Amino acid sequence: MHIAVIGAGINGISVAVNLLETLPGVKVTIFTHNVTPNTTGDVAAGLFRPYLVAEGDHRIKKWCRSTYNFLENFIATNPKHHKYGCCYLEVFELDTEPLEKTLFNEIVGNSRFLNEFELKRYPTAKYGLASTSIISEGKKILPYFYEKFKMLGGKIKVMQVKNFDEVQMIHNFPIVINCSGLGSRSLCNDMDIYPVRGQIIRIHAPWIKYSFNKAEHYIIPQSDGVVVLGGTTQENNWNTLPDENDTKNILNGCKTILNGLEECNILSVNVGLRPGRKSVRLEKENRTNFTTGNKYTIIHNYGHGGSGFTLFWGCAKDVGQLVSDILLKAKL
């Protein structure tokens, strides 16, 4: 069976890899307008942490745990995990108000409250939580998945996808998987999905070894001496150009968290549009091609907010199960 995947960000490429790894005889072609290094995921720092998703949705917990287990196994079994920007990272959550443990703390399972002595290092904070999480840098782990996808026989066709039917009829695909992120607003006419603009700054600061977040600001070191400063969470803002006021706000906010940022060189200022939605859409939909009359199934997998690198493998496994169920039913 030949399956089409629309979108080549972290969700699209991980879905494609999982299908090729788990379903013998399946062929996969990805159709996408952008490939790495030009996807939204390439901008992401890649810290494992649920963000801009409905944590009350029971599926989120399952997807988080599945992805965290995948990343732990990736580190344990891949000697080159640092090359692909994947490693453990100590994370400090700081606040002026008491902190409560969240789904993130439950998943990583190693969080502890900072004591009075430790908090003296952060004079603008009264409370803190320390945890060990995992980072999987978008610009490094995406090439890993692309390489693996091609090694498994996958194909990528770069094109602007205007509708599902045009993709389906290319090879009369019985299944089309929609991982188009924000593109689903037009592809599905889904007005529940909207942009959440995120602006970040990359600086050279190899002395920063831990991640910090306080209110809307965060500091996330990468594996090559680069540190990501953020951020913005601007709903329904389609501007993909850096904003000088946002840059100033990010720098000023991060300076209140950690001393010594004043002299760091700014390497780049980047903007990405996260696919915001009240809940992730992961479900199947039966369709009939308007032009050919052929029936096919769309599996939707989009609306991951700021948690693409936190949910991707759990969602990929669920998509894989839906595909497996369809294949099994077709044999009956």
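Numbering starts at 1 and runs along the chain as displayed.
The backbone N, Cα and C atoms fix where each Cβ goes, and this holds for glycine too.
Swiss-Prot lists 8-10, 39-40, 45-47, Val161, Ser180, Arg274, 305-306, Gly308, Thr310 with the feature FAD binding site. Here Arg274 (FAD binding site) comes close to Thr40, Leu52, Leu182, Pro195, Val196, Arg197, Gly198, Gly305, Gly306, Gly308: these same-chain residues lie at least six apart in sequence, with C-beta atoms under 8 angstroms from its C-beta.
Look at Swiss-Prot and you will find Tyr218, Arg274, Gly306 tagged as D-proline binding site, backed by similarity to another entry. Annotation note: Gly306 (FAD binding site) sits in a coil segment as assigned by DSSP.
Counting every protein chain shown, 24 other Cβ atoms lie within 10 Å of the Cβ of Tyr218 (D-proline binding site). For Tyr218, Arg274, Gly306, the entry in Swiss-Prot reads D-serine binding site, with the evidence type similarity to another entry.
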Chain-internal residues near Gly46 (FAD binding site), provided their CB is under 8 angstroms and they sit 6+ positions away: Gly85, Ile135, Ser136, Glu137, Gly138, Ile141, Phe309
Inter-residue Cα distance where the pair is Tyr218 (D-proline binding site) and Val161 (FAD binding site), in Å: 35
For Gly46 (FAD binding site), the three-state class that DSSP assigns: coil
Secondary structure of Tyr218 (D-proline binding site) (DSSP, helix/strand/coil): strand
D-serine site shell beyond Tyr218, Arg274, Gly306, criterion: Cβ within 8 Å of Cβ centroid: Ala44, Tyr51, Leu52, Val196, Gly198, Gly230, Gly231, Thr233, Gly305
Integer Cα-Cα distance in angstrom, Ala8 (FAD binding site) to Tyr218 (D-proline binding site): 27
Fewest-neighbour residue among binding-site residues, criterion Cβ within 10 Å, set Ala8, Val161: Val161
